[in-house]
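I have placed the structure first, in the form of structure tokens, so that the comments after it can refer back to it.
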2 protein chains.
Amino acid sequence: MAACRLLTRDSAAQLLSNIDTVLTDCDGVLWQGTEALPGAAKTIAKLREMGKRIFFVTNNSTKSRLSYVEKLKNLGFEANEEEVYGTAYIAALYLKNIAKVTGKVYMVGNKEMAKELDLQGISYTGVGPDPIEGTVTDWKTLPLDPEVTTVLVGFDEHLSYMKMIKAASYLSNENVQFVATNTDERLPVGNGRVIPGTGCILAAVHTAADRDPVILGKPSKFMFEVIKERHDLDPNRTMMIGDKLTTDIMLGHNCGLTTLLVLSGVTSLEEARQMQASNSIEHQKCVPHYYLNNMGELGDIL
Amino acid sequence: MAACRLLTRDSAAQLLSNIDTVLTDCDGVLWQGTEALPGAAKTIAKLREMGKRIFFVTNNSTKSRLSYVEKLKNLGFEANEEEVYGTAYIAALYLKNIAKVTGKVYMVGNKEMAKELDLQGISYTGVGPDPIEGTVTDWKTLPLDPEVTTVLVGFDEHLSYMKMIKAASYLSNENVQFVATNTDERLPVGNGRVIPGTGCILAAVHTAADRDPVILGKPSKFMFEVIKERHDLDPNRTMMIGDKLTTDIMLGHNCGLTTLLVLSGVTSLEEARQMQASNSIEHQKCVPHYYLNNMGELGDIL
């Protein structure tokens, strides 16, 4: 059972000798918004020097792999496309290889998700603004695209009531598949502003459709299964670093990885301790093996 | 315990002799969209002839009292303003008399809700389109109106990501009150189209804000308490007619009323029977005392 221990210099040496692959979350671990977190790039470089393989795994669906590589490089992280797994890319893979989508995807999503669908040769519609017009009399006879076989929900800053009508109407056909990138609720940016996450957009569509989506992001094992298969990972020798208990840490437990929580993102040590004190099996899956204040500290003790 | 019995000519005579007030839902009971349901107006007229007092109680927040009276009259129902209780009006009453709002209300709502707030002398902002602009860099420093002390969520066909950011950001201040008209999920209109209800809009804001709102619509007792006090109702001599188990019928049970389900709206007899077969206390509160196919049938057997 994980015990939420502070990772010390001694325990880090011991731990890293048993690890050859590191999966790391991005928002709240490597950066906050558009700024790198102090020491994070240095830590990643040090892990590479030690011969560890690195994979960047994020639920954020607002960037294609190429855009992530660009952001990583701009913020001082060495990275290549094969190391980046975001839910825009993962959704395209899922639709192509698992759901085997024919016809068109109705996307409550964004341009970067569209890019990944393009690369997999999947047709779609719905990206961009779609403001509401007319009244309920018009809405109830709204034309639907007969080619749509799948609804995909990710981050969409252009969410509108019109999109909610369309998504829920497509989903009223039980043969239409329902897929979502992730359920992260919000990206706290401090100073009294709340940036709602995909989970809020999904909540609207989900409530309208009254159906459960397949969810691809962490803590779903799907993302890890893809990486594991492609890169031949051994879960016993893999560590997951993240800032969120219900996604990053639970993913680790779901896949048999060692987990390290950093406190530079959405989670306080108190919340982790509350999970630890709980008897619920779900909560126990949110308890990290180790914690540190931030990625910079990991570099310092390696 | 309610038993979901078919209301017959005999049991109707017996029932109505013990009732002097009838509360009736509107959508799915008196009308469907813009069309009156067959026989419903005649039934209301017959109940009036029998000396019953009538109140129209709806969770729909898209109309002010005056607009409801107009719609009722256009569809052949006799009605006056004092008989109509919708959540636009109820929300204005709550904000004025219970929440005692000072400052401004940030409204994820519509123009008819705004009219009711105007009548109570409450200031507000937020009504109408508010499309997203900029990027997360702009959103995290978005100006907020320091006068806002309350967030009110009702039906808003102009829901946008910008409104979600603003509502959740106002609500990150724990002194800001959070009020919602209702949680109805959808207005099914058949032919494969789904019209999302306020519950979908609220789900987005609720998930972003991570706080529970005060909910005013059925099955909350608030609406009935207002009517009861103003018109001196005796719950033991009051019947609630509705088409939805979790709002109309549960309201009836919450307030000690006799309940009649009509099957012309969102609920099938099978769903009512499932509630009846369940051991859950919550589900038992959704079992109507009686059912009929529609309001027209009630008129026929009276």
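Using the three backbone atoms N, Cα and C, a Cβ is placed for every residue, glycine included.
Database features (TrEMBL):
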{"type": "ACT_SITE", "residues": "A:ASP25", "note": "active site, nucleophile"}
{"type": "BINDING", "residues": "A:ASP25, A:ASP27, A:ASP243", "note": "Mg(2+) binding site"}
{"type": "ACT_SITE", "residues": "A:ASP27", "note": "active site, proton donor"}
{"type": "BINDING", "residues": "A:LYS218", "note": "substrate binding site"}
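Feature annotations (TrEMBL) mapped to structure.
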{"residue": "A:ASP25", "record": "active site, nucleophile", "DSSP class": "coil"}
{"residue": "A:LYS218", "record": "substrate binding site", "DSSP class": "coil"}
{"residue": "A:ASP243", "record": "Mg(2+) binding site", "DSSP class": "coil"}
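Other than the site residues A:ASP25, A:ASP27, A:ASP243, same-chain residues with C-beta atoms no more than 8 angstroms from the centre of those residues' C-beta atoms, the Mg(2+) site, are A:CYS26, A:GLY28, A:VAL29, A:LEU30, A:THR58, A:GLY242, A:LYS244, A:ASP248, A:VAL262, A:GLY265, A:VAL266. Note: the Cα of A:ASP27 (Mg(2+) binding site) and the Cα of A:LYS218 (substrate binding site) are spaced 13 Å from each other. Between the CA atoms of A:LYS218 (substrate binding site) and A:ASP243 (Mg(2+) binding site) there is a gap of 12 Å. Cβ neighbour count for A:ASP243 (Mg(2+) binding site): 25 (other Cβ atoms within 10 Å of its Cβ, all protein chains included). Cα to Cα, the residue listed as 'active site, nucleophile' and A:ASP243 (Mg(2+) binding site) are separated by 7 Å. Its own atom aside, the Cβ of A:LYS218 (substrate binding site) has 30 Cβ atoms within 10 angstroms in the protein chains shown.
Summary: among the recorded positions (A:ASP25, A:ASP27), the fewest other C-beta atoms within 10 A of the C-beta are counted at A:ASP27.
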